[in-house]
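Enquirer: The structure is given below, and queries will be raised subsequently.
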Amino acid sequence: MTVSENSVLETEVLVGGSAMPNERPGAMEPQSLSQMPEGFPRRSTVANGVRSKVSRRFFVVGGALALSAFAIYEMGAVFSIGGITPLEYLMLVLFAINFCWIALAFCSGIAGFFMLLKKPKPNELEQTELHTRTAILMPTYNESPDRVFSAVSVMAEALSQTGHGHAFDWFILSDTTDPEIALLEEQAFLVLRQETHKHSRVYYRRRRKNVARKAGNVADFCRRWGSRYDHLLVLDADSLMESSTITGLAQRMQADPDAGLIQTIPSLINGTTLMARLQQFAARIYGPVIGTGLGWWVQKEGNFWGHNAIIRTEAFMGAAGLPNLKGKPPFGGHILSHDFVEAALIRRAGWSVVIAYDLPGSYEECPPSIVDLAVRDRRWCQGNLQHSRILPTKGLHWVSRLHLMTGIMAYLSSPFWLLLILTGLMLALQAHFIRPEYFTDQFSLFPTWPIMDSDRALRLFYITMGVLFGPKIFGVLLLLKDGNFARSVGGRIKAILSVIFEVILSALIAPIMMFIHCGAVMSILMGRDSGWSPQRRDDGSMPWLTLIYRHRWHMLAGVMLGYAAILDSLTLLAWMSPALIGLWLAVPISAWTGSIKIGEFFKRIGILATPEERNPAPICIRAQEARAAYQAHIEQPWTLAQVLKDPALMELHLAMVDKQPLRAAGTPIEPVEAIVHVKVHEAQCQQSALALFNRQEMALVLANPLMLRSLQKLPEQFVPEDLVSFC
């Protein structure tokens, strides 16, 4: 496939040609999870091209297992002096599960710490000429069009100036279901085409039905246009990427014929609320330690986080077609967290999956409030728990299974931590209220005392805290060691103050998130589906009554736990106070952290600053400026009534409607489509028809040229016949 291959359907309606290029259909079959497909794994093109070093696995995974074994032994020794009771056995099991989880992150952090001490530099591939073609995909679902289209505009312009722009095509793949946003997208696309048609090829497609959500959106593109391209560079609606990063990914993929997927580690940007800036700071200071360590030891068995990554089209279409899981949601149906599964399937087929921890210039945004984080995590939690159905898949690499298990534990760890806390509380209350049985039924000259090894328990507590906070400590050490890094966040004093503030605020938020995740897990186990709601990305504020409703159970849980603790002693209450205060103040914490005003205050005084905030990359500055311009361009949105009234506007709209056939002859018609057909057929004028449509029906009409033509033929308003005769 060569760069010169670029024929599209030309039309005079749209500047720059048709909304989408010619289709070149290709197969992307759902993969079997119960048996290894024939021909897998493929033979590597380069000798040892997909082989990883065992020594790195031994250091991180082996180290985590050894550390966990030591901690579990010590915990058992704490209880074993006086004999282990059933409640203590339960606590030992819960401790083992939780410690193994944090030990792996700690050992990855050690590896990342020493790697970052050496300051790894990206491979110099900038001079490599690109002879492959890459489709850059920007999926969007009911997002603000000004954000999405302005980002594509500035990235496309920057890429065109590198001399490599000819090797890339841009695609905005819309799954938008809101008819008003759909029309705004079309307006924004016209502006985008005006700006970019001389230097870039930019396309737009909105699906009529968003089957299988984002994974289905990308799969639809692959089956219809994927064969035109060697690579797919997948972004998210809030993604930004520097041109050097885009070309660097394509060059790395081109240089490694065995690479199936290369994932960048995005930096968080554009946070305005306190919660968003907290996440930005934590991700910037501590995130590289974990991310670099992970990339170092997983090597060719990396992971995919759904965006800001480049994928070899052959590998993706040939190996990563997702099957539907048997049964109904939440555990059956479409695979929600598709990214981990796609990476595992690509690796199963014999392609490498690499985390490019040394490649900067990749950006994304984060939820602005605790509530928005909870909404996103509810969906992610369901998708990750769904991975329990994927774990037994035939032929997966053990590291891929570990990625899936890690994703599951990201949410199951909260119930396990809560159970551990409750078990410890029950042990304390048992010791306080239940009279010990000094002489048991078994004959003994000495009484049985309920004792623990308190010195060993305290030592184990310090070890556990060290393992838990180890990655944070590593990040702070790297920050303080690097003078340039420290200055980029406001200096060492501001950096230390920011770290202290982040630790305190995170400690207050952590118990709230623990209960949110526990609620999500319980909801999923009860069979409730998460649905798919669009994300808020800017303002995280909500009415106080809404926040009280959202956090009512968290506050109640805090009161009950506090009451149980004080029944034992004030000392126990003091020990539990860091977690309890967060629960008691859940509503004001949620309100304050979701506030832009408070976020701006901490920005002014330089707390939680990041290098990207203090000295943003040119691409980020241009994106903000372009977004303001796009907001001005589409401040007067089209309406369906205007489209029906204006023939030129109708032609523009139809030029952007997906050209896929509406429905094969003889196939069942969907209820909503049948209802719309009846409403259009019975309508006496456009005004009466539009008044009858709900939002779902209006979105369907916008995507159906036949219905639009039928509506266009109707009079704009109904005039009774007798009134016409009188006139």
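Going from the start of the chain as shown, residues are counted 1 onward.
Yeah, the Cβs are placed from backbone N, Cα and C, and that goes for glycine too.
Swiss-Prot lists these features:
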{"type": "REGION", "residues": "18-43", "note": "region 'Disordered'"}
{"type": "TRANSMEM", "residues": "58-78", "note": "transmembrane segment"}
{"type": "TRANSMEM", "residues": "90-110", "note": "transmembrane segment"}
{"type": "TRANSMEM", "residues": "278-298", "note": "transmembrane segment"}
{"type": "TRANSMEM", "residues": "408-428", "note": "transmembrane segment"}
{"type": "TRANSMEM", "residues": "460-480", "note": "transmembrane segment"}
{"type": "TRANSMEM", "residues": "496-516", "note": "transmembrane segment"}
{"type": "TRANSMEM", "residues": "572-592", "note": "transmembrane segment"}
Enquirer: Cβ under 8 Å, sequence separation of at least 6 from the ends of the transmembrane segment (58-78): give me the contacting residues as numbers and ranges.
Expert: 84, 91-92, 95-96, 99-100, 103-104, 106-108, 110-111, 293, 297, 402, 452-453, 456-457, 459-460, 463-464, 467
Enquirer: Give the one range among 90-110, 278-298, 408-428, 460-480, 496-516 whose Cβ atoms make the most pairs under 8 Å with those of the transmembrane segment (572-592).
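Expert: Maximum Cβ contact count belongs to 496-516.
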Enquirer: How about the transmembrane segment (90-110) with the transmembrane segment (496-516) - do they touch, taking at least 3 C-beta pairs under 8 Å (6 or more apart in sequence) as contact?
Expert: no
Enquirer: Which sequence positions outside the transmembrane segment (460-480), separated from its termini by at least 6 residues, show Cβ-Cβ distances below 8 Å to it?
Expert: 67, 71, 74-75, 78, 99, 102-103, 105-106, 108-110, 112-113, 116-117, 285-290, 486, 489, 492, 495-496, 499, 503
Enquirer: Can you tell me how the residues of the region 'Disordered' (18-43) break down into helix, strand and coil by DSSP?
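Expert: So the region 'Disordered' (18-43) is made up of 0 helix, 0 strand, 26 coil.
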